[in-house]
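Enquirer: Let me begin by handing over the structure; questions about it come next.
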Amino acid sequence: MANILLSEASGTACPGELPSLRLRRTWSNQNYSQFNWTSHSPDNAEEERTEEGDTDWDLREKPLTMALKRAAWQVQHSQAPVVSNKDSWKRKKTKTFRKVKNNSRELLYVLSLWRKSLQKIGGNFGGGVQSYFVFLRFLVVLNFVSFLLIAAFVLIPSIVFRSVESSYTNSTGPEGCRKYEPHPPGLVLFYNYFLDLLSGTGFMEYSYLFYGYYSNTMVEDRDFSYNIPLAYLFTALFYFGFCLLCIILRMGRAVRVAIATGGGDVGNYSMIVFTGWDYSCLGDQATKLKQKNIHYRLQVDLEEQRIKRKAAALTLCEKITLYSLRVLMGILSLGLICSAFICIGLATNFSQENSDKEGILGLILEYLPSIVITTGNFLVPLLCDQIAKVEKYSPSNTVILALLRAVVLRLLSLVVLLYTLWNQITCGGDNKSEECNLCQYNHKDYPCWETRVGQEMYKLTLFDVLIHFALLILVEFPRRIVVDHSSSKLARWLGRQEFVVPANVLLLVYGQTVVWTGALFCPLLPLINTIKFICLFYFKKITLFYNCQPAHKTFRSTNSAFFFLLVLFIGWCWATAVMVYSLAVIHPSFSCGPFRFFRTMWSIIPTSFYSLHQSSQEFLFFVGSQAFLIPVFVLAVVGLCYFISLSAVYGNSVALMRLQLKREGRDKQFLVKQIEELSKKLHIPTHNTTVQN
């Protein structure tokens with residue numbers, strides 16, 4: 001009867017769309033008989049021997065049961081076709097390569113940094129919080145590899161060649177511009193060493209940590225030559241290029257994940273339901289963590305849908321009121337950010353004007369810009385979070401808006417700091433003024449201005465670590481103790497803190513931007529940042545499990561991961577602009593550094609170019625000529641057009657498949673309604689009524 005009803009419904013509604021169940025079974029049986037059980041026969045061996053996994057993919061595409069697929073696989077692999085030695089060697093090579101590739105992936109997975117900790121974090125606090133720690137791990141690896149690059153080409157050669165007295169002597173600059181005494185005269189008290197460690201002055205100033213200690217050494221031998229200034233410059237350029245490559249690759253992965261989820265709630269829900277479970281979970285603990293992770297991801301989707309439905313139900317007057325309120329709150333948050341910039345500029349000017357102070361007071365004055373920047377970065381986002389509650393955005397949009405405001409605050413605070421330093425180093429860009437006329441920069445107050453800029457970035461990095469440690473000991477642990485052991489209204493209102501992902505991510509982006517900005521002037525800053533991020537990982541992990549509670553409003557980590565990297569890319573662009581301006585415009589210090597002999601840091605490139613052999617010069621001239629660049633540009637454009645077209649084709653295919661799925665779903669719903677109507681007309685009891693009876 002069910003088959004009759006199904007055939008009648010399909011005939012009345014959509015003829016030919018859905019066959020009967022018996023006919024579909026007949027088709028399936030026909031498919032079983034049509035399968036090529038001897039796909040490894042000698043006739044088609046040439047096609048099958050190219051890839052060993054082709055038959056496996058053939059089996060996966062066939063509409064067979066698992067028992068038949070297993071039997072077909074055994075039949076195919078039991079046959080041994082006659083192959084030549086060359087083909088046999090190719091198959092063994094392909095198999096060995098695939099095995100090495102799989103083993104390498106498994107080894108990298110086992111040796112991945114903080115793998116178990118990340119799994120535990122994702123299970124207890126959701127994918128949003130886990131994405132923060134994954135992002136932190138990426139920055140740790142990035143900084144450590146960057147330090148290895150700098151150490152291999154700059155640090156180790158400088159240490160080795162330090163004893164070699166083959167360096168340029170700068171006798172072209174004015175006599176007054178070559179005075180630089182970083183070591184204070186006379187005896188130094190013991191506590192001054194501690195102050196120097198915190199401020200980067202004294203014994204720290206003239207060390208491998210900062211730009212001023214590196215000399216313009218050039219070692220030449222019959223079979224070997226090494227130019228420290230050239231290596232210093234190219235290492236900085238390769239360092240920035242390597243970081244850009246890592247960011248782009250990471251962004252590509254995040255985009256692929258976002259596209260795989262369909263860019264919407266339905267695709268993300270389907271991905272969670274059908275591919276969310278990890279069947280390699282072993283033990284009760286891993287299973288519970290995975291269940292919690294899926295629970296949090298579904299909670300995010302439901303929260304997003306609830307807010308969207310609520311926003312769609314607003315009337316016109318309510319929408320006008322809401323949008324007007326959002327505009328006013330945006331103006332208020334912008335005013336808070338601008339006031340923070342004014343305070344940073346005033347603090348930097350006051351600190352530089354009183355840089356001759358000594359002792360604890362001098363240390364406080366040196367850290368005054370860092371203190372003001374940190375205070376502004378703490379208070380302004382806190383006030384903006386309260387403003388965001390009034391604006392009533394969705395969780396994902398709230399995260400993105402908070403990130404944008406924090407990005408503007410933190411990156412532009414660095415802009416204000418560096419602009420204030422630039423204004424004092426270059427006399428406001430006026431090289432003809434009294435302070436800058438002799439040396440083209442303010443040598444009196446900044447005899448080695450590159451080291452001074454590196455010291456500011458060093459203090460910002462070190463102060464960030466100290467602030468995190470102080471907050472953990474003095475604020476977060478006492479707050480947890482008070483909340484857990486007190487029943488007062490204040491303790492209940494205060495509650496345990498929540499792990500705010502946007503603010504913590506911006507701390508990472510801000511710290512990495514500081515490192516990129518100061519890497520040219522403080523080459524060991526990536527190493528310091530690696531140690532800082534490792535300490536920060538354990539600080540945040542401790543405070544997450546012992547002092548925090550799961551957030552009441554979670555957010556989707558798929559789109560946020562891409563946005564985190566986009567913000568990091570903005571920081572990289574800002575640091576690159578600072579580096580390019582320092583290389584091409586500002587005159588290097590006459591008294592320190594590897595570029596003291598040149599008018600600009602970039603001047604070493606043409607100087608070294610004309611010292612090459614004639615054939616090398618001709619080759620580089622050809623690479624930079626139109627005859628080489630125009631064909632390369634044309635090929636790049638053709639390749640870009642090809643990939644854009646391919647992406648468009650894939651996008652259209654995915655859109656058509658989604659449309660087809662929607663239509664099939666509607667057809668099935670229509671057929672079910674037709675069956676119910678026919679059942680009522682023919683007075684046939686349905687399954688639900690039978691169960692109730």
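Glycine too: its Cβ is placed from the backbone N, Cα and C atoms.
TrEMBL does not curate its annotations; it predicts them automatically.
Quick paste from TrEMBL:
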{"type": "DOMAIN", "residues": "448-557", "note": "domain 'TMC'"}
{"type": "TRANSMEM", "residues": "134-156", "note": "transmembrane segment"}
{"type": "TRANSMEM", "residues": "188-210", "note": "transmembrane segment"}
{"type": "TRANSMEM", "residues": "230-249", "note": "transmembrane segment"}
{"type": "TRANSMEM", "residues": "327-347", "note": "transmembrane segment"}
{"type": "TRANSMEM", "residues": "367-388", "note": "transmembrane segment"}
{"type": "TRANSMEM", "residues": "400-422", "note": "transmembrane segment"}
{"type": "TRANSMEM", "residues": "516-539", "note": "transmembrane segment"}
{"type": "TRANSMEM", "residues": "560-586", "note": "transmembrane segment"}
{"type": "TRANSMEM", "residues": "628-650", "note": "transmembrane segment"}
Enquirer: Counting only pairs 6 or more apart in sequence, are there at least 3 Cβ pairs under 8 Å between the transmembrane segment (230-249) and the transmembrane segment (628-650)?
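Expert: Contact between the transmembrane segment (230-249) and the transmembrane segment (628-650): absent.
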Enquirer: Is it possible to list how many residues within the domain 'TMC' (448-557) are helical, extended or coil according to DSSP?
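Expert: Counting residues per DSSP class in the domain 'TMC' (448-557), I get 85 helix, 4 strand, 21 coil.
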Enquirer: For the transmembrane segment (367-388), give me same-chain residues lying six or more residues beyond its boundaries with a C-beta closer than 8 angstroms to one of its C-beta atoms, as numbers and ranges.
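Expert: Counting only partners 6 or more residues beyond its ends, the transmembrane segment (367-388) has Cβ contacts under 8 Å with 198-199, 329, 332-333, 336-337, 340, 343-344, 347-348, 350-351, 398, 401-402, 405-406, 409-410, 413, 417, 456, 459-460, 463-464, 467, 500, 503, 506-507, 510.
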Enquirer: Tell me whether the transmembrane segment (134-156) sits in contact with the transmembrane segment (516-539), defined here as at least 3 Cβ pairs under 8 Å among residues 6 or more apart in sequence.
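Expert: Yes, the transmembrane segment (134-156) and the transmembrane segment (516-539) are in contact.
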Enquirer: Apart from its near flanks, which chain residues at least 6 from the ends of the transmembrane segment (516-539) lie with a Cβ under 8 angstroms of it?
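Expert: Distal contacts: 114, 133, 136-137, 139-140, 143-144, 146-147, 150, 154-155, 208-211, 214, 232, 236, 239-240, 243, 414, 418, 450-451, 453-458, 461-462, 464-465, 468-469, 472, 508, 571-572, 574-576, 578-579, 582-583.
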Enquirer: Check for me, if you would, whether the transmembrane segment (327-347) reaches the transmembrane segment (188-210) - at least 3 Cβ pairs under 8 Å, residues 6 or more apart in sequence.
Expert: no
Enquirer: Sequence-remote contacts (6 or more beyond its ends) of the transmembrane segment (560-586), Cβ cut-off under 8 Å?
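Expert: For the transmembrane segment (560-586), the far contacts come to 128, 131, 134-135, 233, 236, 240, 243-244, 247, 250-251, 254-255, 257-258, 396, 399-400, 403, 407, 411, 414-415, 418, 422, 425-426, 441, 449-450, 501, 505-506, 509-510, 512-513, 516-517, 519-521, 600-602.
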Enquirer: Which whole-number mean pLDDT does the model give the domain 'TMC' (448-557)?
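Expert: Computed over the domain 'TMC' (448-557), the mean pLDDT is 83 on the 0 to 100 scale.
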